[in-house]
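Since the structure comes first, as structure tokens, the remarks are kept for the end.
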Amino acid sequence: MTNEKVWIEKLDNPTLSVLPHDFLRPQQEPYTKQATYSLQLPQLDVPHDSFSNKYAVALSVWAALIYRVTGDDDIVLYIANNKILRFNIQPTWSFNELYSTINNELNKLNSIEANFSFDELAEKIQSCQDLERTPQLFRLAFLENQDFKLDEFKHHLVDFALNLDTSNNAHVLNLIYNSLLYSNERVTIVADQFTQYLTAALSDPSNCITKISLITASSKDSLPDPTKNLGWCDFVGCIHDIFQDNAEAFPERTCVVETPTLNSDKSRSFTYRDINRTSNIVAHYLIKTGIKRGDVVMIYSSRGVDLMVCVMGVLKAGATFSVIDPAYPPARQTIYLGVAKPRGLIVIRAAGQLDQLVEDYINDELEIVSRINSIAIQENGTIEGGKLDNGEDVLAPYDHYKDTRTGVVVGPDSNPTLSFTSGSEGIPKGVLGRHFSLAYYFNWMSKRFNLTENDKFTMLSGIAHDPIQRDMFTPLFLGAQLYVPTQDDIGTPGRLAEWMSKYGCTVTHLTPAMGQLLTAQATTPFPKLHHAFFVGDILTKRDCLRLQTLAENCRIVNMYGTTETQRAVSYFEVKSKNDDPNFLKKLKDVMPAGKGMLNVQLLVVNRNDRTQICGIGEIGEIYVRAGGLAEGYRGLPELNKEKFVNNWFVEKDHWNYLDKDNGEPWRQFWLGPRDRLYRTGDLGRYLPNGDCECCGRADDQVKIRGFRIELGEIDTHISQHPLVRENITLVRKNADNEPTLITFMVPRFDKPDDLSKFQSDVPKEVETDPIVKGLIGYHLLSKDIRTFLKKRLASYAMPSLIVVMDKLPLNPNGKVDKPKLQFPTPKQLNLVAENTVSETDDSQFTNVEREVRDLWLSILPTKPASVSPDDSFFDLGGHSILATKMIFTLKKKLQVDLPLGTIFKYPTIKAFAAEIDRIKSSGGSSQGEVVENVTANYAEDAKKLVETLPSSYPSREYFVEPNSAEGKTTINVFVTGVTGFLGSYILADLLGRSPKNYSFKVFAHVRAKDEEAAFARLQKAGITYGTWNEKFASNIKVVLGDLSKSQFGLSDEKWMDLANTVDIIIHNGALVHWVYPYAKLRDPNVISTINVMSLAAVGKPKFFDFVSSTSTLDTEYYFNLSDKLVSEGKPGILESDDLMNSASGLTGGYGQSKWAAEYIIRRAGERGLRGCIVRPGYVTGASANGSSNTDDFLLRFLKGSVQLGKIPDIENSVNMVPVDHVARVVVATSLNPPKENELAVAQVTGHPRILFKDYLYTLHDYGYDVEIESYSKWKKSLEASVIDRNEENALYPLLHMVLDNLPESTKAPELDDRNAVASLKKDTAWTGVDWSNGIGVTPEEVGIYIAFLNKVGFLPPPTHNDKLPLPSIELTQAQISLVASGAGARGSSAAA
């Protein structure tokens, strides 16, 4: 390979790390303004025995800092001698390991010449990969004794470079930076961090690179102190008491003004006395009719004064108010009621009547003791609540209480509010607020933002959204006025700005979405607005500019917080346009979160060491610390423990000395000082001035067909397109029920000239459908955005569809109404296809290519405006499930029979058509040739790979009998695949054992970004599969790494530590895929096995257990041999068979990969390795409760049979064994290998086995409508259902298997299992139970599986009640929720 090719391969798709900068990147010349800051590094002037290469030491520090401030583990740097360093950094490395890695990389680079410029290389890559733009290969640099310019390269503009100058017998570090991006203050902090990090690393090189503090002396005072007293005992009183005091002090002052509707020219104005009196009446009614302190009262509300009256009435009664918006569908309203479980209900007259569905739910499910059916305040200040049967108003008897306080005492920890935030599976979480927070911050805010009793506030927040509390309580605290617009004022573009101007509003609370509504198509200025407080979502510069164009005196305050932090938020203030016209120009696109308000801290915590606060620029997770946090989630104690945590920086009772009992009447409702943090799940970093900026979600990821995708990242890139105004990317199910990325966006209508270039005519007949209209009218814009994104996103992160809309729908809370944004229906997509002018040049295609193109377009979810012969099926929106449909449609329409793997081998139109041409011209079938070729490859490949094995392996001896020795010895077991189905049970089996003189510690391999994330994955898998026990945690050590890499990518030191610790290796991890060819499975299933096995070649001797699969036997030879042996009275295929008779003939890539791995392991056994190959068949649900991996062939067959109503008459026996027994065999053979002097095989077979037909017909026994059909008839029924009628069926992804001679493919040879029996017999000494007789799957066991599938929603309930009742099983709610959400739909179990 030439040097040029080496560099091209090395620099494929590099990560261009961006050091956090202070100013926007210039979009036009000049792009750079070079500046330099220099500092002495005396630490490097003295010799260090361990670090001979001083340049590598300093480079290591720079790499560590880059990782800490960007989170990028792919480090790419331009370095000395015209080279580019690229390596993966690990957060668990010590500085020694980092230095060693970099030093080794530098030595390797010395042998690779770069006798060309990297500009030339980038142009070569552009040409080779046919890129539209020359790729940038690096953005950061670290040099030595080099005079460097940031714009030295044509295609690689450098942001920040460090140059180590050793020319004067001293070490001077020059920081060369673009001052158009970075402030002097930022650069000084980076220099201080570098110096501090270098000192710490050299003083103790064993320090973990992610745990060396980045808080410097110069920046410490800018950052929050997590041990500071935040006024835990400073309760200022309850908001309703403060309001009553105000009402008595100035009763005639205007409190609420409802502005007139279209049919009226008169406002409705109410005084503080009016609101106080009417709310007193409501409060006394609630109390007298049974509402107790702490009861929840639900308010069915409209926007207006009535809501204020109801809220105050509920609070005065000592109760908790919650609000339902009538805009929500009735079914959704019942969900909120189910979470809240109210004891009281108030219906505001203006909100209308409750839907009958809601009334039925209230009557059937709730225990309502107090109800007001039609509350409305009259213009004269009196209150009505609805008529009784005698004609009297329900509230009339309580009118005499209008000037009487209730006397109900509540305290700082009483719960005045129940607000809702999103939850899993569409079930909202109810957040209980605290009285401490409601009024605590208003006094500070009035001083900080100059808010007074003369201000006019607005009621613009969603009425069921917690910011509505700010709208109401802020003016009530101050004695100010609240103005209420009509729905027409809010909903008519441009009208809300006119309303703000007409009524002279001075202060408003907005969400960014409501702010966009305020400014959309608005021309009327509202200069009296002096403050706009934004909450609820990210606030962009564009949002601020639009608002200040109309409100030039408005200071904009971005407030960061959540429903869970209640009023405890941070703030960042944008100066008004009049105060500083250029203020926004200096800021980046997204407004920072700023600093905490009075006694509120945003703690950005080191993700690898939570005892550390992050330094300036370092990415961490944001925790909010304050005395004003909400109480927690209603009825979710486990989630409360996870999200509301005690401050670990101080002792739990540290602040108790501050709590002075002065006989306050509320003291019984006070839990004392509680220093708590709310874990937001947001990532953030500190700016040089101590402000905080958000960097996305720690969990803002989705998984599409195995790829982890950040939705926030996609939206950020799309928002940078010059014609995009608003955008949101979501995951939606398409017509095939496949999760699909789809972007909804609003274009820049204020740029009509630019936009017109991308507009197309829309036929009148489809103009009324906004989705169809957008897809047709702006398909050129969508194409341009996709082109724009190709340069910025990986192909799998590209939205499958971009829908252009006139506006994004908002929910009543002023946020984007995501449920209304759904994947277009097939009818809509067909209309788009019929009415879009194709830009495809037919002359580019041959006849067969044209047929292939048209066939693909007929089954793809979206129809691209242009297609070329070089377009890939997958680039056009295809995936493995659609590939199944495509292959069957091909067979039906073109009479060409191709195996499914063909599309993976020939993915473009041109290549796929050429393969069809070849098959037709040869008159043969592709399948035979492909199989023959691949068959030869896997066996030959395995033989070649054996040559890479060590010449010998140390042989381990058996463990001492578990009950024969004194003392306790720890057995250390390294296990792969622990987050999969079988792996989860292996882990549980190991850690559930308690032999007398042994304990177990599991070294669990998990792929994740860090140990915390890895453990979370492992724990989630355990909960999902029903195996997790909290006691396991202390006996688990997570091992990070990539099994496909030598030494898993670990340093030599860590590798040897592991090798010298581990006693047993259980290699269970594998990629299970029924379509992928051997080539795609070679790395995860074969190479990884060699790498795991290499752990047994060094250090202490180990047993090696490998989980294989009976798919290694799936050849005609073994089917015939099995029949022969059984006819002779023998049990079946011997465990001693060397499998050389399936060295050819295996047709599936998965079985081939397992065969190759087994072959290599047996050869290692000949060289001394001891242990066992465990060969299970179908690994099925847990025997006790059916816990299963729902993405399973046999379970899909159950569901598909229910959906079709038919089952095939197939008499084959099925080798099914419950997962807990398979795990038992794996662990038993790992502790007690069957053979002492050789590496043997243990086959897992069911005792008894069940016939395939009987397995499926169990559905009938438990009340499902299924009938038996011959396989040929059943096949036609399924094909007609799925292919012809497009009906949903769980077997859809497996059509290639179930419609292709299923009676043959479900054959399972009978197996000898004497080795498994021997190990289980020996295992009796370890477990106290003899399992050597084995277990299988009976009809009764299938009943348990059906019960499980019912409980998690995978199967519908049985249709007949006169059959067997489903068995009773026990599952935790957490497991049900996870499985129902799809968490159990994939597993890494090696067994098929």
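Any Cβ shown, glycine's included, is placed from N, Cα and C.
Features as listed in Swiss-Prot:
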CROSSLNK  K541  ubiquitin cross-link
CROSSLNK  K1276  ubiquitin cross-link
DOMAIN    843-920  domain 'Carrier'
MOD_RES   S880  O-(pantetheine 4'-phosphoryl)serine
Euclidean distance between Cα atoms of K1276 (ubiquitin cross-link) and K541 (ubiquitin cross-link), Å:
60
Residue with minimal Cβ packing [other Cβ atoms within 10 Å] among the recorded sites K541, K1276:
K1276
What mean pLDDT score does the domain 'Carrier' (843-920) have in the model?
78
Under a three-state reduction of DSSP output, how is K541 (ubiquitin cross-link) classified: helix, strand, or coil?
helix
Taking DSSP states H, G and I as helix and E and B as strand, how many residues of the domain 'Carrier' (843-920) are helix, strand and coil?
46 helix, 2 strand, 30 coil
